[in-house]
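Q: Found this in Swiss-Prot, in case it helps:
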- 51-281: domain 'Radical SAM core' (DOMAIN)
- 69, 73, 76: [4Fe-4S] cluster binding site (BINDING)
- 206: [2Fe-2S] cluster binding site (BINDING)
């Protein structure tokens with residue numbers, strides 16, 4: 001199959017030699033199907049193996065503060081604009097956050113994310129509670145602490161960095177062109193600014209999106225190119241698992257091949273960036289969950305998600321072993 005006059009394997013070779021795939025080439029790849037799609041997966045797997053070998057990384061999260069979010073994101077169970085019946089509670093205490101870190105580390109994960117609902121964390125007592133938990137996690141030395149606390153001020157970012165935070169997670173969720181269809185309570189540039197600020201203070205940045213919201217494949221490419229421009233360190237890929245009570249509750253489910261197609265595109269656009277498959281994995285990929293690595297992913301989130309149960313870590317570990325892959329053991333710094 002010829003892609004903009006370049007065979008897929010030749011395109012992969014040029015990427016491995018340091019070339020960047022163009023917007024036109026990426027858009028052409030969105031039209032692939034059938035055997036050509038299998039060739040795309042093979043190319044993406046080749047690029048993944050070049051940069052990450054046979055190692056894959058695991059991460060886990062804790063819903064550290066749930067519900068009552070003032071944002072109106074159309075997919076979110078925790079938005080106060082939607083009647084979802086989600087559990088609502090304030091920031092968990094340090095002992096609970098530390099216990100969560102130990103549990104996630106025990107399953108071989110390299111990163112543990114403390115996730116709070118809301119537009120952004122309140123400076124003062126709430127931020128200091130998170131920083132205290134980060135210091136305690138770093139002191140045990142078993143897993144790298146991450147946080148997803150909404151938009152950041154420079155003061156908060158510097159305080160988190162000083163406490164020992166390794167990774168800051170803040171998704172753009174979708175492309176700039178589609179974002180107004182998903183959220184009206186803040187601007188896309190607010191999210192971009194938080195990503196830039198986190199990088200500015202020296203944090204590793206985890207930033208990706210959620211697919212199946214009604215966006216086009218071209219808009220998925222648009223997001224990937226934005227992430228490349230922002231030079232993020234890790235890209236989490238989520239697939240919509242609709243929540244009753246949200247505006248997107250009746251969205252049509254993605255096909256497994258559509259999900260894998262998206263993963264492969266992201267690998268070729270972001271060849272040396274960690275790509276982690278997170279929410280919606282079981283519902284959308286079903287029997288093809290193990291194919292995420294063959295399509296170019298270099299990691300998965302294991303355990304529970306924010307408001308839904310995830311797959312048992314033991315099942316994920318067995319899947320990785322069956323593929324002849326190994327868990328990356330080195331802790332992020």
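Counting starts with 1 at the first residue shown.
Just so you know, glycine gets a Cβ as well, placed from its N, Cα and C.
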Q: Determine which residues of this chain, when 69, 73, 76 are set aside, have a Cβ within 8 Å of the centroid of the [4Fe-4S] cluster site's Cβ atoms, and list them as they appear in the sequence.
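A: Counting only non-site residues, the set is 71, 72, 75, 77, 78, 79, 81, 82, 117, 183.
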Q: Might you list, by sequence position, any residue in that chain lying six or more from residue 69 ([4Fe-4S] cluster binding site) with a Cβ less than 8 Å away from its Cβ?
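A: The answer is 76, 78, 79, 80, 117, 118, 119.
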Q: DSSP three-state call for residue 69 ([4Fe-4S] cluster binding site): helix, strand or coil?
A: strand
Q: Residue 76 ([4Fe-4S] cluster binding site) has how many other Cβ neighbours within 10 Å of its own Cβ?
A: 25
Q: As a test of the contact definition, list every same-chain residue at least 6 positions from residue 73 ([4Fe-4S] cluster binding site) whose Cβ is closer than 8 Å to its Cβ.
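A: Listed in sequence order: 79, 173, 182, 183.
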Q: What kind of secondary structure is residue 76 ([4Fe-4S] cluster binding site) part of, going by DSSP in three states?
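A: For residue 76 ([4Fe-4S] cluster binding site) - judged by DSSP and reduced to three states - the answer is coil.
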Q: If I restrict to non-local contacts, at least six residues apart, and a C-beta distance under 8 angstroms, what lies near residue 206 ([2Fe-2S] cluster binding site) in its own chain?
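A: Listed in sequence order: 113, 146, 167, 168, 169, 170, 232, 233, 234, 235, 236, 276.
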Q: Across the domain 'Radical SAM core' (51-281), what is the average pLDDT of the model, as a whole number?
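A: Overall, the domain 'Radical SAM core' (51-281) comes to a mean pLDDT of 97.
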